[in-house]
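Colleague: Below you will find the structure I want to go over with you.
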Amino acid sequence: MENIPKGWLEKAISEGHINYIDYDKFTDPIEIGIGGFGKVSKYEWRDSELTVALKSLKVDTNIDERIIKDFINERPGK
Ligand SMILES: Nc1ncnc2c1ncn2[C@@H]1O[C@H](COP(=O)(O)OP(=O)(O)OP(=O)(O)O)[C@@H](O)[C@H]1O
């Protein structure tokens, strides 16, 4: 399996391909499901007054870069 290049995610964030939001901006988690990538929970997004669903990506040292890219490219309803 291909390993994730070190700093790949940090680079994508610094180049503006991915929006980074501090996790502490999300409160009141309620687990609502489990998908192909991992757990999905409902949160309240502080400052925006939106209720959102956050997906967690289960990462271990053997995770393939392709899985991370698929996760990042996923869109609602896909
Ligand atoms: N926006 C959402 N609102 C409400 N529930 C959601 C939302 N997104 C996901 N869920 C819940 O979480 C579960 C898992 O969602 P998720 O999209 O991760 O899995 P999936 O449909 O199996 O596909 P995938 O293989 O892409 O992970 C869904 O079946 C649903 O119950």
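Including glycine, each Cβ sits where the backbone N, Cα and C put it.
As annotated by TrEMBL, ATP binding site applies to LYS55.
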Colleague: Could you tally the C-beta atoms, other than its own, that fall within 10 angstroms of the C-beta of the residue listed as 'ATP binding site'?
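Modeller: Total other Cβ atoms inside 10 Å, all chains included: 15.
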Colleague: DSSP on the residue listed as 'ATP binding site', three-state: which is it?
Modeller: strand
